[in-house]
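Taken verbatim from TrEMBL:
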type	residues	note
COMPBIAS	148-193	compositional bias 'Gly residues'
COMPBIAS	372-396	compositional bias 'Basic and acidic residues'
DOMAIN	1-134	domain 'Cellobiose dehydrogenase-like cytochrome'
REGION	141-194	region 'Disordered'
REGION	371-396	region 'Disordered'
TRANSMEM	210-229	transmembrane segment
TRANSMEM	241-266	transmembrane segment
TRANSMEM	278-297	transmembrane segment
TRANSMEM	309-331	transmembrane segment
TRANSMEM	343-360	transmembrane segment
């Protein structure tokens, strides 16, 4: 395994997917050498150190280390033909492998159980193991370190026979003719370090991290700021159309963020595979009924001058969905292995916003309770103006 030191870690694993794969993860140890961590792939979560009896027994061979901006791990695995999640034949011409890597700063740790951030890119490839055999049990990486130009080298032995005749004079010059025949046979062994090396790329996945970042930013704003603020516009301004326009704009932003999230999940092969993606989908789909409930609430209030069952359902259903959206945002940050400082900041901001939201709502209820029972000839800035047919309706 070889990679530039600009990568935080790289991994190689057996199988056609990360789940149940036998993973070899390499990163710098901070002392000019490498840490090699055998881990078992899990279903779309950070793989952890495999301490089971079937864990890969890995050894770093001579030639491994950090040099000239490169991490080089020459690895010997003594039991990789089988593991708890599967097996493979060492004589197979078609074995499946996966790879993943993360660019960024060095982990600088000798701990084999160190936390790693989610990969940037992945690859699935097939390997013909019959093209990866060596003649001896010595370290092949050191033996082939001299010439890596890609040519074939070999040694051989041969035998041959021949006959010939000639004539000449003794005057200091001479001429002669001769004929000869010979046959020879030889055998040789050699290695080929390029060309047809038995590797077939099946799927190389280039992940656009900007899509994931945009998804997180848009939906964090939608659920932690825009929806709560839009809800407060009713009691603050008393104009239903301002509330409706604001929430409709936020509604469309939500679907834009949802689309970005679907693409990000598909890039990582985790669509509907995690709680975050399933809960996020459910929240967005359920939010579709809110505009209809809001319209029914509006018509009911204009007709009766008071809230009905549909009004309270619209209000509390929206609050529950907003809260679930914020919680799901935190799950998304965890899934993306973001820094704890960012997760903490998101949590603090969300708590402040929702505290302000409920304080404002409580203040509105307090003001309404004080004015309860009073006749208002021309109520100032009510959420809905009374219709001409309903003049004289008492406002509470």
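Cβ from N, Cα, C; glycine included.
Remember, predicted model here, so these are calculated numbers, not experimental data.
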Residues in the domain 'Cellobiose dehydrogenase-like cytochrome' (1-134) grouped by DSSP into helix, strand and remaining coil: 4 helix, 59 strand, 71 coil
Beyond the flanks of the transmembrane segment (210-229) by at least 6 residues, Cβ under 8 Å: 246-247, 249-250, 253-254, 256-258, 260-261, 263-264, 267, 280, 318, 322, 325-326, 328-329, 332-333, 336, 346, 349-350, 353-354, 357
Distant-in-sequence neighbours of the transmembrane segment (309-331), which means Cβ under 8 A and at least six residues beyond its ends: 216, 219-220, 222-224, 227-228, 231, 275-276, 279-280, 283, 286-287, 289-290, 293-294, 296-297, 300-301, 343, 346-347, 350, 354
